[in-house]
């Protein structure tokens, strides 16, 4: 757009006489216009295609296409229908058809010899008109641009307004209070959502009118802790803290504040603090109840463990006395004096005493595993499994079992408990083998995410699907004790060892097809069982 004086109109002079062209051009030279000349109608048309002209000075008499024909052709073009044409001729008014010229769109005639002042005066009128037209076009374009921008601004305003209404609806419907604070020493509240009343019992405007109200509502015991968080806000740009807030009714509720510091673009200067306040009273109450229940459960477990240890330990003495007397009876030959029925009774008493001794030993073992809080050390599982196999050497030889163990990792754990785990697992596979089939036990380990997954597989009798979940409970037996001896504590000990290592144990088995026990232990010390394995157990075995 040309709204300034930089626009220079073009003047087209058409004449086949070069001298006349030069004379006319010289007359207009000081008028601050661009003089363009053409020696023929064809040359004039080429120039018209490229430029706009304020006025065309056209010679009437030219070879080929004369001035009248040229004017007629120019007027046929819509672009040039309003371009002023002034005929210049050496004919007298009586020698030419002036009406014809006007009919073809001429606006005036100049007769030779041309008067310089008259020519400049006539041309200056058309130059001024051209400048006014250019300014008018520029104003129109600018007006259209402004209207376009206004239309866009109105659309943006409408969009911003509707967005603001939606945000206000969302903010006021949320179970939290959104607010802003001045990033200054007084932390004055500058804005708060309307749901402040429902949450805190105060109208939003009360916090804005009374800058100290928010501080007055903070419990005195929490005041220091609240304001100690603000240095973190200015250092890191955000902070979260919890405290007790006094509602207008006088009751205190637990709230959580999440604050975010807004800084000026391109600068470190803080501009504003945006905050979110939520009522966490219910959560705090739940946490308190959970803590009480946890403490109660820990006390109960501790008492139960202590009772189990004391009970099993105290049972040892009378049981040893019973076993000793039975041995004395047998050594003194009294057994031979018994009749068959008495011998059967005596045998049953001995078996019961041995079974009772085994149960007490296993119960003591379970109690030690539960109460053992020994620090974890680096454990080579290859050495641990090798020791477990050595300890079970007699039973392995008796059953002609084959133990296959692939390379195992070094992990952080309780070495004695891990030895007990693998020994119980191998013993389980040796004990519950099929008749007339030697046990085959495979031990492997693979890394999965942040855990080591151990597997102990056997070719034994297997486990019913409905029994898988309860085999890790204390004193749970799935088979007749006369066929498969045991106390039902071994797998419970293994589960407790897995728990102590923040891991998990489970079994995959079908009746008659053998069993595979899995142990997942965190790779890193202090890790814990990740629940994602519950969803991905099909990759590594599962219930």
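Along the chain as shown, residues are numbered 1 onward.
Using N, Cα and C of the backbone, Cβ positions are placed for all residues, glycine too.
Where the annotation comes from TrEMBL, it is an automatic prediction and has not been curated.
Summarising the annotation, TrEMBL assigns domain 'Response regulatory' to 10-127. Taken together, the residues of the domain 'Response regulatory' (10-127) have an average pLDDT of 80.
The 10 Å shell around the Cβ of residue 59 (4-aspartylphosphate) contains 23 further Cβ atoms across the protein chains shown. When secondary structure is read from DSSP and collapsed to three states, residue 59 (4-aspartylphosphate) falls in the strand class. Among the features that TrEMBL reports, 4-aspartylphosphate is placed at 59.
Across the domain 'PAS' (163-237), the DSSP tally of helix, strand and coil residues reads 41 helix, 12 strand, 22 coil. TrEMBL lists 163-237 with the feature domain 'PAS'.
For 239-292, the entry in TrEMBL reads domain 'PAC'.
The annotation domain 'Histidine kinase' is assigned in TrEMBL to 310-525.
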